[in-house]
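Heads up, the thing below is written out as structure tokens.
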Amino acid sequence: MGAVMLQGTGSDVGKSVLVAGLCRALANRGLAVRPFKPQNMSNNAAVTVDGGEIGRAQALQAIACRTAAHSDMNPVLLKPQADRTSQLIVHGRVRGTLGAANFREARRPLLAEVLQSYHRLRALCDIVVVEGAGSPAEINLRDGDIANMGFARAANVPVLLIGDIDRGGVIASLVGTHAVIDPADAAMIHGFLINKFRGDPALFADGYRAIEARTGWPGFGIVPWLPAVRHLPSEDAVILERSAAVRDEAITIACPILPRISNFDDLDPLKLEPSVRVVMVPPGQPIPAEAALIVLPGSKATIADLAALRAEGWDIDIRAHHRRGGMVLGLCGGYQMLGRRIADPDGIEGAVTEAEGLGLLDVETRLAPGKRLRAVRGTALDAAMEGYEMHMGTTDGPGTARPFAMLGDGRDGAISADGRVIGSYVHGLFASADLRRALLARLGQAGGGARDYHAAVDSALDQIAADLERHVAIDRIVALAATAESISA
């Protein structure tokens, strides 16, 4: 049938959510759908069915399509690991490290590989729903682009442009995009969507018509503010502060926001618990003394983030919390930080080759080339659990004699002798209701884990799809997608 691409007037205008919602709406109509993002930049990633990794947003979009996540859905993934460098993932595999200065040239040959992935997906389904990155109006990045119009024109995929009215200036952002992009790029845009509208859409009728008149693009709908979005996994650091309603007697689980934090969506299932208040602690703020549990999250640059943690004085907060009888849980990079030492002899993360850890677990980590990517299942805290591993290096030492989890093919992690410090390489732990219930019981909260996290996400996708069916011209989008078929045939 074809393909359609959703681009935005800027970052965080809601592209990822609208792609997920559109994928679910089309799947609910009985169509075979696949998501696709040519290039993504995110440290929140997911393991795919073919043993690779893609951006977490594309994994969610695959769930929306009711299909397994595959590395073709996000062929180029950049994972920032220092201020000016990123790990380059192509077709789910680490290909090397790129500096910001040389990415423009390095991405040119990647377009052919992006198109290979797109065409493989295209052969498997009725419609591919493509997500752009940032904005096509970033004309300084247009030369060699593979994320927005560079891909759209190469693949002959029609584009809808999304504007975010919640932040203000949506008319200027849409009309301004039309004004600054190349006419050939503008010709790829076949309409626009207004996103995150609060109130009566009739109040924006004049603005809607003004955009149509000034751009020549027809409107495809006004999407209201979608409350179900808060039940979806987080993707980007810009929404780390998102909160949910909790009871007055809720316990506090605190997580420091490290500069290169990754896979912080590990905490999302806890945010659904009415007995839990998840506090993301920004730089400059102490870790709350009332926290029952401190979670050290994953990191794309563990040694650098450990230094940042110390610079904030959070190491002092963590030790004081432990002395008071509190629990500490480190996930992936956070697990490595809890040990006695981290060695990076090959310079995987940068120039610093060794760092002293927090010393709360009797283990040591050695970083090494080669990334471990796999889905796992087993038991932890006497509860069933499943998740995935995504890390470089190994962690060993006497502390591993008390493993946190027993997996199908071995042990994972470590637990301190007093049982109050836990380290694990498994991401996605809290999505397992039994494990979540067991952990909360240790924290004095009985009855946790009553909600099925996966069911909650699935329900949220259905709610978003239903809202899009009411407010967006989906029949016209399907017809527009079919033009990609006729163009490329």
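Backbone N, Cα and C atoms are what each Cβ position is placed from, and that goes for glycine too.
The shown structure was predicted, so the numbers you read here are calculated from the model rather than taken from an experiment.
Feature annotation from TrEMBL assigns domain 'CobQ/CobB/MinD/ParA nucleotide binding' to 4-236.
Summarising the annotation, TrEMBL assigns domain 'CobB/CobQ-like glutamine amidotransferase' to 252-433. Predicted-model confidence for the domain 'CobB/CobQ-like glutamine amidotransferase' (252-433) is 95, expressed as mean pLDDT.
Residues or ranges marked as active site, nucleophile in TrEMBL: Cys332. For Cys332 (active site, nucleophile), the same-chain residues 6+ apart in sequence whose C-beta sits under 8 angstroms from its C-beta are Ser262, Asn263, Pro297, Gly298, Ser299, Met390, His391, Ser424, Tyr425, His427. In the three-state DSSP reading, Cys332 (active site, nucleophile) counts as coil.
For His427, the entry in TrEMBL reads active site. Around the Cβ of His427 (active site), 25 further Cβ atoms fall within 10 Å across all displayed protein chains.
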